[in-house]
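Participant: Here you go, one structure.
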Amino acid sequence: MVGVQICQGMTSEILFFSLQPQFSNMMNKNSRLHIDSNIRNTFFTEIGIGVSANSLLLLFNIFKFIHGQRSRLTDLPIGLLSLINLLMLLIMACIATDIFISCRRWDDIICKSLLYLYRTFRGLSLSTTCLLSVLQAIILSPRSSCLAKYKHKPPHHIFCAMLFLSVLYMFISSHLLLSIIATPNLTTNDFIHVSQSCSILPMSYLMQSMFSTLLAIRNVFLISLIVLSTWYMVALLCRHRKQTRHLQDTSLSRKASPEQRATRSILMLRSLFVLMSIFDSIVSCSRTMYLNDPTSYSIQLLVVHIYATVSPFVFMITEKHIVNYLKSMYVRVLNV
């Protein structure tokens, strides 16, 4: 799994930013994508669903904070993840208009801003998912565990961690501000095309090696934390199930605690994230083998944003107050 993530980071971490020379003719082949209305409509439908779901989840978290409800350790990261995914999808929607739809050409500032922010938000989405896994492991840890002392840490510690990650990703992605340019009106194969208006200058071998090394270190570190936290949570849940097996016939044992429901949501998200990462890596490798086939390219466009689209639904179905509110709204609509 770690190897797959490293491969993903090197080949499709920024979705379009491939460093192999054979991708220099990408837009010659992928320019046909704007003609296929099915691909375009499916992609924008996915983006629209993701934007709506993340907006709804973010609003619920804001209302919960305003009403002064007791917050859990994972509430702030969940709200931040919904905000990050929302901004990432909105930026991707802007970039997609330059991929699928012929419009006026962008200048250097627009290209640099959009692609740099998109790259940063994709990295933050990955790190926030990892942070959620670690925090859930802390919540489930028993009082005798060394992790128990972190249960009652104030939220500003989590905010500081996210701020540090933001600065780190902005630094790692800073080279894109120099290498991203508006595609010049020249017939040349030296540029790696990102969209109809934007291109990326080819990097030197040293820069490629440094960039790939940073991505590899990041992925190994984050995936290691995810694997360790997953193993820890599964071990705790198995031990808890054994201890309460004799209570299976009681109503208390049938009711999942909020911690258990939250843990299930994190485990579901992690499984989804890993599956999408593996599939994304397979599609990326197929793009390399078939010289950026437009079909593989369009599939990757859809796959790489599934996690950001589906994750808010997983969070919402595990929150009772959100489910009850949506049910009441549904009943009101039927009674109108």
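Backbone N, Cα and C atoms are what each Cβ position is placed from, and that goes for glycine too.
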Participant: Tell me which of Cys7, Cys160, Cys198 Swiss-Prot records as disulfide-bonded to Cys111.
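Facilitator: In Swiss-Prot, Cys111 forms its disulfide bond with Cys198.
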Participant: With reference to Swiss-Prot, is Pro142 found on the same side of the membrane as Ile200?
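Facilitator: Going by what Swiss-Prot records, Ile200 is on the opposite face of the membrane from Pro142.
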Participant: Can you say which of 158-178, 214-234, 297-317 has the most Cβ pairs under 8 Å with the transmembrane segment (43-63)?
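Facilitator: The stretch with the most contacts is 297-317.
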Participant: What is the separation, in Å, between the Cα atoms of Asn185 (N-linked glycosylation site) and Cys198 (disulfide bond)?
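Facilitator: Cα of Asn185 (N-linked glycosylation site) to Cα of Cys198 (disulfide bond) measures 11 Å after rounding.
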Participant: Is it possible to list how many residues within the topological domain 'Cytoplasmic' (318-336) are helical, extended or coil according to DSSP?
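Facilitator: With helix first, then strand, then coil, the topological domain 'Cytoplasmic' (318-336) has 16 helix, 0 strand, 3 coil.
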